[in-house]
Every structure is written in C-alpha cells, then in structure tokens.
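To keep things clear, I will list the structure first and then write my remarks on it.
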C-alpha cells in the first residue's frame, strides 16, 4: 500500500512551504526510512535497463502484438511480445503537476527523477515555470542516471529520436523548456540569465558512457556541414563543436555517425561512445536505410556490451521515441513498426544480460488517441479493412438500388413550406434520432425522424463570401434571396 503526503510549494527558490502548486509526493521521497524498510529483504539489482515506449499505451501494445504475429506469418492474436513475458505487470497514472494529460518532458522528470513536474520542463521540480530561465536555479532534481554514476556505475542513453529530446534529456539536463535543444532555440533572455541549452548540458553535466541516437545538428556550429548530408549545417550560434569537446575531455572516447562506424567499435576496449546517426531524429524503422543507419536493436546491443564491463554494474535508458511521432502523425503502421522493433531490443537485452543481477523495466510515459476496434475475424490484416464486408456491401447495394428507382417529378407546387433548422448539422440530426428513441422508451438506439421519410436528400455548402463558416444572416440571404452575401446580412438593408 502506498502512502502519500501533501506538499505545498512556496515561491521559486524558497525552501519555506506556503502558497504554490499543490502536489502529491510519494512518502518514500520525503522519508527514506520507509524506502529502507521496504528494501530490507529485497535483493538489489546490479544492473538496470529502463525501456521507454514513448506514447505506447495499451491499445498500441495490443495492435503491436498482432502485427508481430502477422509479420511472422501467423494469425497475430496468439503472438506474445517479449515485454509480456516479464513476471510482473502494472499500470501507472501519468499526469503533470499542471496538466491533466501529460507531455514527455514532465513524465520523464517523474520516472527518471522521482518528482512530478510541470509540463514541458526537464529535470526541475514544480517550482520551476515553463520558459522562465530564472526559475531553474535551486529547483534542479537529479535523475537515476546521475545517481548511478555517483555509485560508480556506467550509464548510457539510447533513443530513436534526437538525444536532446524530452525523454532522454531528463536524464541529464535541467531546463525550463524542453524545446531548448540547442542555443539557437533559446531566447536571448534565457541565455543572458545563464541557462544552457540541452545539447550543451549533455556534454557538461553528467558523464555518460554511451550516447546513441540522432541530433547531430544541435552539437555542431553553423559553419560546419553535416558528414552525411553536406547541404545541411550545424545550428550552433556560439561556434562550439560539442562533439569535439566531449571527445577531448574523455580519454579513449569514440564518436561515430553511421552503422559501419558503430559496428567497428571495439566494445572490449571502449569506455565512452557517442553515436549520432542523423542531424535530427533517426529515421522511422520503415524508412531506415539498413546499410547506413543502425536499428534500436543494434544500438541497444552495443550499449550493453560496453556498459556491462563495469564490475559495479550499469544503468541504461532505451527509448522507442518514434512510436509517439507515428501516432502524432496518425500513421498507425509507423507507430506499430517502432513498437515491434523496441520489443526486439527488449528481447535482445534479455539475451545479453543475467536475469539474476539485472532489473529490466518496460513502460510508457503516456498513451495516445489510438484505438483498435471493430468486429473483424481472427487473422485479419491489422492494417486492412475487414476482408468480409458482406453486410456493408448488401446495405450499400440496397441503398443504390433505392436511389436508382427514384424518378424526378416535374411538377409545379401550389404551396411551399420551408423548414429551417438553424445550425442543424448532420451530428445534430443523428443525435436527435437517438433522443427521439429515448423519449419514446424504444429499445432501438434511434428512431427515424419525419424528415428522414422524404424521398430526396442532399448536402449543401453554406459559406458567406467573406466568412467561413457563415452566420445565420449570410446563410439566410443565400436561401431566401438566391445570392451569396458578404457578411453580415444587415448591410443589405441598413446603412452603417
């Protein structure tokens, strides 16, 4: 059973409790004694690997499971993801101190630093304010990665996004904005107040042994072209080459920027490795060039082989970051392909580590507006429509036959009645059918409206000349006067 206590924060930089955002903090965060009691009889892991599927909610996992099975030639539903073979499963609530639905920066601060934070801030407590540099200092919170280095462990970051992106950045950066990737992204005010961009902090904050992902352009000066895409340059205004700075401060460190370079790294002699494989985010798995770009599986394997040489153990953070990007685009196949590949990285990590001394966690930072529904048969292609849509074909055929059977009537009406439902769009008509059924206590979800019995139906476009959507005045002029008016209609009748 978890115990919580309420904590109120005062103004930024003050240790006195008072007015401010009220949050819930786990009791173990405030009282180490509780954590100590809980850990007394539990073995401690030598190594920890945290896999983060960005945006990987339960529907994504379900669909990815089916997709994995179908890629292997099966029906799909019977498939099992590597992450689903773990002995324990749980659900987590994900919200920010100031947001009901969280972003990846605030959640990364929560699961990496153990403190709930405001949305879009990194490595800072809720005392910090988004975009305000001067609220950074004194409100820094440290990540499990940073604490692992203090314990003598090796640490690493692997991501399919840029290494300065929200999820990995919370492991090493303290930033009032997740969007301060490089100095070019910072305001003059923030820079003048002493805040540093995330890329700069990557090199100077915590000594990270392995850094693999995208994000080259934030590390290079503007006058330096990209090694893979010569027409693209770095973005740094300060002229710093952060890659060279990182290499010069670490004896025997190596830097690579393509798959060949990564494969050539000797993991038995390398203690520090930085691999930046794209100027920005890495390519989606479906778009990845297998000859030049390493997969998340290959990056994870290289990281583990380097880190596991430390007799004190290691901490590794692996992010399937483009799951989130695929969902943001509404491209389910991109998101599910990224999920399947991250699961393969999980499987490879299990093979490369000793379960008796390694704690492995797979989680997500938030879900997405993505659903898997319908009444499709077993084995139906996860990306296709139902393969046996006979019911809908019959309904469509019936509707077409009825429409074709109608014949125009060329008569002049003696009387004319025009009903106008002001603002009555299609959703309103649908909802009105349902309400009519409910009012008559019918079991049917909806009853036909009287207007539904009319033999002809059509849709009309109703813009005004200078306004879209139009007002009732503009639409009325169109319907009654036969003209499309300029907005508003009163100009036709009254002087202004």
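Every residue number used here counts from 1 along the chain in the order it is shown.
Glycine is treated like the rest: Cβ placed from N, Cα and C.
Quantities reported herein were computed from a predicted structural model and do not represent experimental measurements.
Per TrEMBL, Mg(2+) is bound by 165, 167, 319; the candidate from 54, 422 named for the same site is 54. Between the listed ranges 1-39, 79-117, TrEMBL ties the annotation region 'Disordered' to 1-39.
Comparing CA positions across the recorded positions 104, 165, 167, 319, the one lying closest to residue 366 (Zn(2+) binding site) turns out to be 104. Nearest to residue 319 (Mg(2+) binding site) in space, judged by Cα atoms and limited to the binding-site residues 54, 328, 365, is 54. On the backbone, the CA of residue 165 (Mg(2+) binding site) and the CA of residue 104 (active site, phosphoserine intermediate) stand 9 Å apart.
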